[in-house]
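Colleague: Following this message is one structure expressed as structure tokens.
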Amino acid sequence: MNVVTHIHELKELIKQHQEKQHSIGFVPTMGFLHEGHLTLAKEARDQNDLVVMSIFVNPLQFGPNEDFESYPRDMERDQRLAKEAGVDILFTPDVKEMYANEPSITMTVRKRTDVLCGKKRPGHFDGVVTVLTKLFHLVAPTNAYFGLKDAQQVAVIDAMIKDFFFDLHLVSVPTVREEDGLAKSSRNVYLSDKERQEAPALYRALKKGQSAIENGERDVSRIYQLVEEDILQTSGEIDYIEIYSYPELEPLQQLAGQVIIAIAVKFSRARLIDNVIFHVPESGEKHV
């Protein structure tokens, strides 16, 4: 595995593989790798000649009161895990490498960001698409891999790829979970022992809401109540419970089509997000 920190090194390696017409799978991350990231890397390994992973904690996607400085980092461990997952090139730039000067041009996302996490984190997705635009130009991937735990991010990136005619395929991978259902996340390390025991309630609550809809419940207020019940028994504070069309992230006139139930819950030092995405048959549509 090649570990590179400078853009010129990365571009030279990518050029060598492009000349051989190799397919390139790209897994962008902020590091502190867990099984979710490694699943993305393994998918990329199975589907491409070359696998590139980036580790970059992007300051543009953190708000003024968020955890940029304290975001967990362990580069030595990350390098070992990336190598074991079959990564060929690990790109680990610092902030000065990616933003040599204060950016004179950044991206602005106009749709799909005024709900869910974007509602409480203004500018977050602008930072995400700005850094991804840079990374996509540098890596020139055939396929780029993202986890559906961050479903809003996947929806925004999907729109960005289409709007800017990036010649790449977005591969969205189902959320990787612990045995008790908790979505794997770098921020899970912030949970106390008690909070860690409570946290699986998020997924149980989401599945309860999904089950109710699949069994015919169409009263949205009742679905919210069902999802809320399990969370209220924890020490977490509900940030949001929302139901939208997916990937458009628009309010539903009726519960039909591709639907997302998404949730965010704040514990003492961790804000956890999770979701379920599923198809709801329209009236008269046959179940498959």
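Cβ atoms here come from the backbone N, Cα and C positions, even for glycine.
Sharing the record's features from Swiss-Prot:
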- 30-37, 147-150, Val176, 184-187: ATP binding site (BINDING)
- His37: active site, proton donor (ACT_SITE)
- Gln61, Gln153: (R)-pantoate binding site (BINDING)
- Gln61: beta-alanine binding site (BINDING)
Colleague: By the DSSP assignment reduced to helix, strand and coil, which category contains Ser186 (ATP binding site)?
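Modeller: Assignment for Ser186 (ATP binding site) reads helix.
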Colleague: How far is it from Gln153 ((R)-pantoate binding site) to Met30 (ATP binding site), counting Cα to Cα, in Å?
Modeller: 14
Colleague: Kindly assign the residue listed as 'active site, proton donor' to one of the three DSSP-derived states: helix, strand or coil.
Modeller: helix
Colleague: Identify, in sequence order, the residues in the chain of Leu148 (ATP binding site) that are 6 or more apart from it along the sequence and have a CB within less than 8 Å of its CB; answer 'none' if there are none.
Modeller: Val154, Ser172, Val173, Pro174, Thr175, Asn275, Ile277
Colleague: For Gly36 (ATP binding site) and Gln61 ((R)-pantoate binding site), what Cα-Cα distance in Å is obtained after rounding to a whole number?
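Modeller: Just about 20 Å between their Cα atoms.
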Colleague: Measuring Cα to Cα, how many Å separate Leu33 (ATP binding site) from Gln61 ((R)-pantoate binding site)?
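Modeller: Spelling it out, the Cα of Leu33 (ATP binding site) and the Cα of Gln61 ((R)-pantoate binding site) are 18 Å apart.
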Colleague: Let me know the DSSP-derived helix, strand or coil state of Met30 (ATP binding site), please.
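Modeller: Coil, per DSSP.
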Colleague: For Val176 (ATP binding site), what residues in its own chain, 6 or more apart in sequence, show a Cβ-Cβ distance under 8 Å?
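Modeller: The list for Val176 (ATP binding site) reads His34, Glu35, Gly36, Thr39, Gly147, Lys149, Ala183, Lys184, given in order along the sequence.
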Colleague: Between the residue listed as 'active site, proton donor' and Ser186 (ATP binding site), how far is it from one CA atom to the other, in Å?
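Modeller: So the alpha carbons of the residue listed as 'active site, proton donor' and Ser186 (ATP binding site) sit roughly 10 Å from each other.
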Colleague: Including all protein chains shown, what's the count of other C-beta atoms within 10 A of the C-beta of Leu33 (ATP binding site)?
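Modeller: Excluding its own Cβ, Leu33 (ATP binding site) sees 24 Cβ atoms within 10 Å.
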